[in-house]
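Sharing a structure with you now.
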Amino acid sequence: MAPGVLLQPSQSELEAASPPKAAASLLQLTEEWDDTIRFYLNGTKVILDSVDPEITLLEYLRGIGLTGTKLGCAEGGCGACTVVVSQINPTTKKLYHASINACIAPLVAVDGKHVITVEGIGNVKNPHAIQQRLAIGNGSQCGFCTPGIVMSLYALLRNDPKPSEHAVEEAFDGNLCRCTGYRPILDAAQSFTSPIGCGKARANGGSGCCMEEQKGTNGCCKGSSEETTEDVKHKFASPDFIEYKPDTELIFPPSLWKHELRPLAFGNKRKKWYRPVTVQQLLEIKSIHPDAKLIGGSTETQIEIKFKQMRYGASVYLGDLAELRQFAFHDNYLEIGANISLTDLESVCDQAIERYGSARGQPFAAIKKQLRYFAGRQIRNVASPAGNLATASPISDLNPVFVATNTTLVARSLDKETEIPMTQFFRGYRSTALPPDAIISSLRIPTASEKGEYLRAYKQSKRKDDDIAIVNAALRVSLSSSNDVTSVSLVFGGMAPLTVSARNAEAFLTGKKFTDPATLEGTMGALEQDFNLKFGVPGGMATYRKSLALGFFYRFYHDVLSQIEARSSDLDNSVVAEIERAISTGEKDNEASAAYQQRVLGRAGPHLSALKQATGEAQYTDDIPAQKNELYGCMVLSTKAHAKLLSVNTEAALEIPGVIDYVDHKDLPSPRANWWGAPNCDEVFFAVDKVTTAGQPIGMILANTAKAAEEGARAVKVEYEELPVILSIEEAIEAQSFFERFRYIKNGDPESAFRDADHVFEGVSRMGGQEHFYLETQACVAIPKAEDGEMEIWSSTQNPTETQSYVAQVTGVAANKIVSRVKRLGGGFGGKETRSVQLAGICATAAAKVRRPVRCMLNRDEDIATSGQRHPFYCKWKVGVTREGKLLALDADVYANGGHTQDLSGAVVERSLSHIDNVYRFPNIYVRGRICKTNTVSNTAFRGFGGPQGLFFAESIISEVADHLDLQVEQLRILNMYEPGDMTHFNQELKDWHVPLMYDQVLQESEYFERRKAVEEYNRTHKWSKRGMAIIPTKFGISFTALFLNQAGALVHIYHDGSVLVAHGGVEMGQGLHTKMTMIAAEALGVPLSDVFISETATNTVANTSSTAASASSDLNGYAIYNACTQLNERLKPYREKMPNATLKDLAHAAYFDRVNLSAQGYYRTPDIGYTWGENKGQMFFYFTQGVTAAEVEIDTLTGDWTPLRADIKMDVGRTINPSIDYGQIEGAYIQGQGLFTTEESLWHRTTGQIFTKGPGNYKIPGFRDIPQIFNVSLLKDVEWENLRTIQRSRGVGEPPLFMGSAAFFAIRDALKAARKEWGVTDVLSLVSPATPERIRVSCADPIIERARVKAEEGEKSFFVAI
């Protein structure tokens, strides 16, 4: 959306933006101020007059055609929008290149700066070294996140051309990627490094070396992680790196060195923007207009505007006020300007520690530690302490430190300066003691005493990097020479509506002898009184939060004790150390495909679009240039989970300037046209008289701009009559709320087997859902044509044909009038298989009504609210075994939360039942599956499609049986593992069965049992830190379970010049499908890979396509292309015989003049499959992809924090078509699976039924530093695949590795067993997935967690619901 250029605002407009008196006075104050911003963009000067202050930098960039910068979340949490802003740093007076989030940066804030986007540093013809190395290093799959990652690395290199490995490892803490698993990105980035020093992060003033606490079983990380650039090059199949030449970078424009900042004032009816250049000007504004919103980095303000619908009539930008960004060292305190950036504050803290020494510098070490995990680098580059203080967030990481250190806040107004002790600053929730007309000018942070004072800061969150705190704390104590407590501050965030001191605990501690054991116990008891949380406390997690408060103090107490009485018998030294990470590394077996490499097939190579993606030139749906007369759509969504629709009033919305129309069910050709769904047509595009889930579309507002459309949608007034709501599986079971579809598999005689079993064990296993979190949200452009009702649909969909069918339905024409096109997706993972149809249908309805193009790209919160997730599952099981552990029988009821409609839930449940055996033989089995009908968004396909849920239940059963029998779980797996030729419980023979072989290989290659002995020794000597291991096998059936979908078509053209154009039915969504298909065609036709091209996927070139899903697309489309190429080769055979040395150009030329058809339509359908439910007959899958993974983790049992130490993955992918692509799929799937089973927790508001976790702020996919510290991947080799009848004898690899991520979960469970055993608890642990830090902590059985447990009172329920 291009920003509007406004005329100079009139006085009436200004009065609308400010109170009347303030407006008049402000006009008088600012009448001489400038209304023009001047900046440079990619080296070119830009001058803009009277800019709309509501426009973000991202909107401006995309509006002028620089679409390489992407919108991923609109809240600064994913990094897809990262650009670099270069300026003379007001604090250091040096040039600094800051990576920032363009999605939350106001355009008007870049005055006097140089903005650099991904387009500005290189292109496909002349790429930057970063872009080229990332591309050939396989660091880009779907590519939507890639420009942001490129720019984060670019910022690092511009500031430090030879960064350390540690700096590179941490450079991406503000970026997310959903595809790659991060390893290849880090490998490419590390090629720029100069390795020095140990890679461990510093904490609490320590040196940071991993050997300091003797924690590493493998020695210092420095010894294992240092690599030269040459070493890094060997990680890639093609090490032809472009040389990095820092002296050829874009220069900082000379005119900006002498750019003189001028005060700015401009705006419109809605908003006025001021940029003072002196503090005096700022104070004058505040005196006239105390309610003016002060903006430093805009990191919080933009979110308030976007998601909380806050409106600020007047904003004052402080980012360029040098006076507020200075610092000064004094004898006993450091004074910092309150608007200093957090990045600069990190550097200042380093200087302070060096100046004051480690003892007196403890406050600055504490601040620096909190900053290390404070948001991402892009946020820290612009955010400030003043912003933290003014917003008064109860979970701010810095505020507890300021309170605990007795920092003084200096507030200035026009007529006075006020000193406010931080202990008195916070008054209530988001309320402070700051006078309305004052600004936070500076902070005076006292140094600690040279002796006797101890300060530590702590934080626990769901994910280590870029995550808000669950609980944080700053704990300080001052001791006399006799160790009596003379002063104490115990300050916590996340325990109350504001940053709060533990008053009872502080009172108890004061005057006590610190080294007396009774002091610890008494303080813990007092903390229980301070934080007596209720079970239903807002924010939830009552037990966990209480345990963290107690645990932080327990750690602090022993840390201090270790400093003053290192040999005390009361010292629990093992509790002091926190988890640290080494520089991550990994190895791949690059020789795995050597034995069967052909001219093209079997050879490693990058994704063919990788370089376009890295340079920002790859085009996605919303990058398509605006069409003439195009409108933007924004959906009106239900805010109730279950209610009657009483009225929908659009009058106010249609009055908003720029709003054109409203579309709903009345605009469809018939009531029947409103119904959609696959395979059951049980969902409506637009709600009619009732809504059955929050987030259900009611209508769509059309407007000239996205902003106007969003404002219009919010202005639609909907009146409801609420109805009873069912959210969770348990609630659905209790209410018997199920869809009719029921499936079962029965084999053998379970009843008799249970009677004969030595042991019968029963249990319940539960697994949460998972948000797809593709970086590109659902997007669509519907373009009506002038004739015959034709329409062109550009949709971010995995399913062009179904999109075509339903667009035809809602527009009332035949399918031959609709062309559905897809260039590429920014990720899909199943979330765009059916759910993309909803947006396409609504956009098409709107376009048909107004006869104008309609565009819509969902915001992240809208996408999560409407598009569904992986199904949560619940399994109640009973298993019979012999005393030796041989499995005899399994009986299980499996329930899936389908949501408010069925979507693909039936097929998802079917696959879960077929995978509930994993790799184990249950000779007698009866498993049943039901779909729960609830008032949540309809859950849908997600990578694995029910398979991971069934596999998880199998491994949960195996783990619990092993514990019941006190057997080694690794041996129990071997005892019950299928052998070659065995039949599954759905009567399919296991051919080319290699799991036992791979299991043995992984045990040996990972030195599993030797390391397990080391883990046992570690656990024996570490009370509060435990390690665990697991080795998890898998098999995954490849084929659509719906038989008719196992078919594909292709169209291959050979042109006169010998170039080849291929079209097929599959969609490129980052998995490298087009790359593999191009390779197949190039091999078959005997031409170079560069001579073959795939442009797009479209329904007018290949019709009746199956969705790109089920890991079957390479098999299906590959053989269809091969079939077409075979036809062409047969036609060219006579010419090859006549001209054996001719090129394809020569052959095509000759054949054309002989009137030979140089186009061929290929087709393939999977043979010999077709399963009949109920009869348990027929072959369900064409083959099984197999794998084994060994994982090792470390958990902090005091906090629930954890880190993956190592993963060794081996996959059987047959004869790989392209090992680079397959390795990328394996690594990406593993990390996505690790997220599924650990960090990714979806939560719903109990009171409203709306999803709470609807963005990166509170839904945590794994980040760069969540991957295994050692991440090894290999492919099975040196075997024959005698029965594999696929293209190249390759196996599908997209979905199968995802379950391997559960190895981290089961390793955590193993560590928890050790933690519980430490305290004498040996009960069998039934661990719910995901194993979040909360679940890890509350599963421990130590005295601290037991005293922290919060029980629900009668009728009391948890704040959030896990459905």
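Glycine too: its Cβ is placed from the backbone N, Cα and C atoms.
Below, the features straight out of Swiss-Prot:
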DOMAIN    35-121  domain '2Fe-2S ferredoxin-type'
BINDING   Cys73, Cys78, Cys81, Cys103  [2Fe-2S] cluster 1 binding site
BINDING   Cys142, Cys145, Cys177, Cys179  [2Fe-2S] cluster 2 binding site
DOMAIN    266-450  domain 'FAD-binding PCMH-type'
BINDING   294-301, Phe374, 384-388, Asp397, Lys459  FAD binding site
BINDING   Gln798, Phe829, Arg943, Ala1110  Mo-molybdopterin binding site
BINDING   Glu833, Arg911, Phe945, Thr1041  substrate binding site
ACT_SITE  Glu1295  active site, proton acceptor
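Help me understand the surroundings of these features in the structure.
All protein chains considered, the CB of Cys103 ([2Fe-2S] cluster 1 binding site) has 27 other CB atoms within 10 Å. In three-state terms derived from DSSP, Cys103 ([2Fe-2S] cluster 1 binding site) belongs to neither a helical nor a strand segment and is classed as coil.
For Cys177 ([2Fe-2S] cluster 2 binding site), the same-chain residues that are 6 or more apart in sequence and have a Cβ closer than 8 Å to its Cβ are Cys145, Ile149, Ile185, Leu775.
Reduced to three states, the DSSP call for Gly387 (FAD binding site) is helix.
Within its own chain, Phe829 (Mo-molybdopterin binding site) has Arg178, His772, Tyr774, Phe942, Arg943, Met1069, Gln1232 as residues 6 or more apart in sequence whose C-beta sits under 8 angstroms from its own. According to its DSSP assignment, Phe829 (Mo-molybdopterin binding site) is coil.
In three-state terms derived from DSSP, Arg911 (substrate binding site) belongs to a helical segment. When other Cβ atoms within 10 Å of the Cβ of Arg911 (substrate binding site) are tallied across all protein chains shown, the result is 25.
Look at Glu1295 (active site, proton acceptor): DSSP puts it in coil. All protein chains shown were included, and the count of other CB atoms within 10 Å of the CB of Glu1295 (active site, proton acceptor) stands at 27.
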Please count the residues of the domain '2Fe-2S ferredoxin-type' (35-121) that DSSP assigns to helix (H, G, I), strand (E, B) and coil.
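Helix (H, G, I), strand (E, B), coil: 14 helix, 32 strand, 41 coil.
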Can you tell me how many other Cβ atoms are located within 10 Å of the Cβ belonging to Cys142 ([2Fe-2S] cluster 2 binding site)?
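So the Cβ neighbour count for Cys142 ([2Fe-2S] cluster 2 binding site) comes to 29.
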For Leu294 (FAD binding site), what is the secondary structure state per DSSP, taken as helix, strand or coil?
strand
Which whole-number value in Å describes the distance between the Cα atoms of Ser298 (FAD binding site) and Cys103 ([2Fe-2S] cluster 1 binding site)?
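On Cα coordinates alone, these residues lie 10 Å apart.
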Compare the Cα of Pro385 (FAD binding site) against each of the binding-site residues Cys73, Cys142, Gln798, Arg911, Thr1041 and report the nearest.
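Checking each of Cys73, Cys142, Gln798, Arg911, Thr1041 against Pro385 (FAD binding site), the shortest Cα distance is to Cys73.
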Measuring CB to CB from Cys73 ([2Fe-2S] cluster 1 binding site), give everything in the same chain under 8 Å that is also at least six residues away in sequence.
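The answer is Ala80, Cys103, Arg860, Gly1255, Pro1256.
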Using only C-alpha positions, which one of Cys81, Glu833, Phe945, Thr1041, Ala1110 is spatially nearest Leu294 (FAD binding site)? These are the binding-site residues in the record.
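Closest by Cα: Cys81.
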Can you tell me which of the binding-site residues Cys78, Cys142, Thr1041 is spatially closest to Glu300 (FAD binding site)? Compare CA atoms only.
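The answer is Cys78.
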Please determine which of the binding-site residues listed here (Glu300, Asp397) has the lowest count of neighbouring CB atoms within 10 Å.
Glu300
At the level of the C-alpha atoms, what whole-angstrom distance separates Thr1041 (substrate binding site) and Ala1110 (Mo-molybdopterin binding site)?
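Distance (Cα to Cα, whole Å): 9 Å.
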Enter the number of other CB atoms within 10 angstroms of the CB of Ser298 (FAD binding site).
26
